[in-house]
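Working notes, beginning with the structure itself.
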């Protein structure tokens, strides 16, 4: 009996790498190579031994531009499969098009600097990752603890504010924004995995990019500023491709928020960038806000809320507040109640102030007794629930788009664009009578609203 011929080993994919430019570009190269090695690629020392070549360019002076263009041309001649990254990737020609694409139209892809995520995306597209039986057990979207149809997308870590009641900066540090390409890659992987709703979170979503001076990143060859407005636009465009939702949380009431509201109200992203803002106002009286060291204490918050509603009548505003903060007088608390009535906030949470170890608010004079703090919280919620009930009642008779979260013996439970998971209300959906109207978890369905209480809705498909 003849011996079975040995199975030839599968060749490990090889990537050639050319690094040009300054030490900052060198660090970018190191990060890309580190990621390539971590994913199982070999780094080839020659063009002809590589399956493709990555060229990290410099575009600072004319000599560097020419050197980079020459290196790209050499890589194309010697290998033929070239991905270009670095500063020259962001440079335009005299005609306004990309300089590299104009000179070397056969390159596979071009990115700007600091584009690890986008470079890896293009490498994966043209040279799939080597199979690893252990790593491949982990989905591209990562392991999630949420249901499959929605996920949280964290865009930054830390916070630059020093609110007196909060100790987050001491635990998580100052603001560090994630590179925009990394955020977009994660969002795309989540949508590809079946996620229908992305909930954008951070400690301060409005401040995204402040720490990097709104540096321009690149995604799929397009420049995107590391800035909330630009990121929301890019996420909205991506969500539209997958018929999905994007919901914004922890948005401080800065003027820049005015730029996001139109995306919710009109244009190609309407219905994808949800008309929903989670804005942690915390209080409404200027003296209390000053003691809290809230960053929005100088903003004309009520005027801004009214402007947002004029721009987007369907806007849902959720917020959280603190009742019984040290030094809060009854008059100041009444100002807060008046604000809730006038602003007509849709969803509201309130906490009775509680000292947190390490918070500077502990040093403030005027600490209130526990019973006063709790009594004010209860009065606050009574007013807030009255306002919420009036706004919710207006939805009865309307047909709303609902994302189904759960199926049970009584039908389904879902959420409208006005409701974030866990913290807002739900829609109780009657069982579908017709087979054509049956739904499952993760489906979007049109629901005719037939009833409401102060928090939730009831309806039928």
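All residue numbers here begin at 1 and follow the chain in the order shown.
Heads up, the Cβ atoms here are built off N, Cα and C, so glycines get one too.
As annotated by Swiss-Prot, [4Fe-4S] cluster 1 binding site applies to 22, 58, 87. Summarising the annotation, Swiss-Prot assigns [4Fe-4S] cluster 2 binding site to 159, 163, 166. Per Swiss-Prot, the feature domain 'MTTase N-terminal' maps to 13-128; the stated evidence is sequence analysis. Annotation source Swiss-Prot lists domain 'Radical SAM core' at 145-390, citing sequence analysis. Feature annotation from Swiss-Prot assigns domain 'TRAM' to 393-461.
Distribution of Swiss-Prot features across the structure.
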| residue | record | DSSP class |
| --- | --- | --- |
| 22 | [4Fe-4S] cluster 1 binding site | coil |
| 58 | [4Fe-4S] cluster 1 binding site | coil |
| 87 | [4Fe-4S] cluster 1 binding site | helix |
| 159 | [4Fe-4S] cluster 2 binding site | coil |
| 166 | [4Fe-4S] cluster 2 binding site | coil |
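Just so you know, the Cβ of residue 166 ([4Fe-4S] cluster 2 binding site) picks up 21 other Cβ atoms within 10 Å once every protein chain is counted. The Cβ of residue 163 ([4Fe-4S] cluster 2 binding site) has 282, 292, 293, 294 as same-chain neighbours under 8 Å, each 6 or more residues away in sequence. Here residue 87 ([4Fe-4S] cluster 1 binding site) is positioned 40 angstrom away from residue 166 ([4Fe-4S] cluster 2 binding site), judged by their C-alpha atoms. Sequence-distant contacts of residue 87 ([4Fe-4S] cluster 1 binding site), defined as residues of its own chain at least six apart whose C-beta falls under 8 angstroms from its C-beta, comprise 21, 25, 57, 58, 59, 60, 112, 113. Within the same chain, residues at least six positions away from residue 159 ([4Fe-4S] cluster 2 binding site) with a Cβ under 8 Å of its Cβ are 166, 168, 169, 172, 174, 175, 203, 204, 207. Among the binding-site residues 22, 58, the residue whose Cβ has the fewest other Cβ atoms within 10 Å is 22. Each residue in 161, 162, 165, 167, 168, 169, 203 lies on the same chain as 159, 163, 166 and has a C-beta within 8 Å of the C-beta centroid of that [4Fe-4S] cluster 2 site, without being one of the site residues. The residues of the domain 'MTTase N-terminal' (13-128), classed with DSSP into helix (H, G, I), strand (E, B) and coil, number 53 helix, 24 strand, 39 coil. The Cβ centroid of 22, 58, 87 marks the [4Fe-4S] cluster 1 site; residues of that chain outside this set whose Cβ lies within 8 Å of it are 20, 21, 24, 25, 57, 59, 60, 64, 86, 88, 113, given in sequence order.
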